[in-house]
Amino acid sequence: MAAPAPKQEELQPHAVKDQLPLVSYCLTSPPPWRTSPPLHPPISLASSSKYIFLLLSPAGALVLGRLHECRISSANGTDGYVLQWRGAAEAILLGFQHYLVMLGTTVIIPTALVPQMGGGNVRSLSPSLLCCLPLLCRSLTGKLAPFSDWQEEKARVIQTLLFVAGINTLLQSFLGTRLPAVIGGSYTFVAPTISIVLAGRYSGIADPHEKFLRIMRGTQGALIVASTLQIIMGFSGLWRIVVRLLSPLSAAPLVALVGFGLYELGFPSVAKCVEIGLPQILLLVALSQYIPHMLPLVGTAFERFAITMSVAVVWLYAFFLTVGGAYKNAPPKTQFHCRTDRSGLVGGAPWISVPYPFQWGAPTFDAGECFAMMAASFVALVESTGGFIAVSRYASATPCPPSVMSRGIGWQGVGILLDGLFGTANGSSVSVENAGLLGLTRVGSRRVIQISAGFMIFFSILGKFGAVFASIPGPIIAAIYCLLFAYVGMAGIGFLQFCNLNSFRTKFILGFSLFMGLSVPQYFNEYTSVAGFGPVHTHARWFNDMINVVFSSKAFVGGAVAFFLDNTLHRRDGTARKDRGHHFWDRFRSFKTDPRSEEFYSLPFNLNKFFPSF
């Protein structure tokens, strides 16, 4: 009798994970001082406290160390722990890499705004920051801004924005969501700032320096008022009500468009100097994705520090092209983007300068400008919510409870208030590129981001040193964005694992919200670039700005459409509730219902006793 044919293995879908697996260091586990050997057999811990262990190092010597664990729940409900040494060396290097990544946006925005505000003239602008400015300013004013010069005002604004970003990042990591999120400048606030620049009450000022000061004070007043929106919605708990209605289905388009919606800052800017931008992309992909598998013994270092290594190599390559005369007879535009000696930042930055509140004078207030800036603040609030969700995923933390998310939005409002008090000419939101860096390095440690904030404050005070890194050519920065923005977008797509993709309701909501999130802002931006003003063009400029800013944000439009449809279409249907993945997040809608929430999101120094989360 013939033996029965072997039973064919059943195909099983991949298990749903509340926390992202294969993360080297999660939210509460900092990178090690030295590489520690794995524990054999694995040690099971019953709580989240620290223990002292004696282990044998690879050399055979006894090593005394303190271990820290990051709890991860498996699909079957059992808990496991990823144990790592506590240390500082690797964390410092990773923190510097986060500083390097956030520097691009931090300098691009003031470089776009300050010349429009009346900043004076010295020599030339930094090629590292011009890659995205023509598109940005053409979409806002209908014409290219005069990118001709660099002066003290620009250097001071950049230093101030960097200084305040460091403070805001520390506040967010200690008192806000406690996620490893960098809080930096936001493109959302550029449009209302340009509107303030074009206001008629400043057109009659002849002295450029006086005009700059007056516009800066008007921007400060608008930011101070706009900050109250996030402060009230966050600390009052109003935003908690909104976040509780989020499901994986409505969060997916929001988070995806937070990353994918910035595609204009990617390859179009790389192509402005393709001979250095394209090698940066190829080298970064090779170092971060291929080398770790080809050389497993040293692959971890390449995986975690791929950006620092690739930037150093390509920056040196661009320097050799510059000194070798490759761009000697090139058009001025090509020289701006490609050369490494056209920044003017090092010469324009002071050796030591400490930003302080009201350094530009007392803020001024205009009702229309404040309303326009409040609209930008609301858009930034929505975009930052998507950013926080992506950060929590790449930090291998559980979904952020609504009360914690609301608390973080409140502290982000405090950050915008600091922007107004110090005079950064821009508001704050979650840095998308730094959120993507968490995914690229697989390091979601809170301590790394706090160290990064220290670098921001340090280099903002010692301006000459910070200006050296700020002079990196723009196509190199744009090449980095191609990977980092993609990681954030995929964090949103990853939430579809909780949804039923065979449901036509799911297909409609997901497809329609993604399409409208890309299509509507494209119409607004194209209209503005051609006409010089947005589709909404009434006699009330503040009303025009409010509408145009809201509908120019891809993440806001897509997230709003998905949120509305998901909470109104077949809301009472029990099957639809499962299809949208709502039940997977039920235990995270309250701070107390999952024990991991306290481990990840509780306030330090026992502050939860005085400021409890719900």
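Glycine too: its Cβ is placed from the backbone N, Cα and C atoms.
Copied over from TrEMBL, here are the features:
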type     : residues : note
TRANSMEM : 88-113   : transmembrane segment
TRANSMEM : 157-175  : transmembrane segment
TRANSMEM : 181-200  : transmembrane segment
TRANSMEM : 221-239  : transmembrane segment
TRANSMEM : 245-265  : transmembrane segment
TRANSMEM : 277-299  : transmembrane segment
TRANSMEM : 305-327  : transmembrane segment
TRANSMEM : 448-470  : transmembrane segment
TRANSMEM : 476-496  : transmembrane segment
TRANSMEM : 508-525  : transmembrane segment
TRANSMEM : 545-565  : transmembrane segment
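Simply put, out of 221-239, 476-496, 545-565, 545-565 has the most Cβ pairs sitting under 8 Å from the transmembrane segment (508-525). Between the transmembrane segment (448-470) and the stretches 157-175, 181-200, 245-265, 545-565, Cβ pairs under 8 Å are most numerous for 157-175. Listed by sequence, the residues of this chain that lie at least six past the ends of the transmembrane segment (545-565) yet keep a Cβ under 8 A from its Cβ atoms are 188, 191-192, 195, 245-246, 249-250, 252-254, 256-258, 260-261, 371-372, 374-376, 378-379, 382-383, 386, 508-510, 512-514, 516-518, 520-521, 524-525, 528, 534-536.
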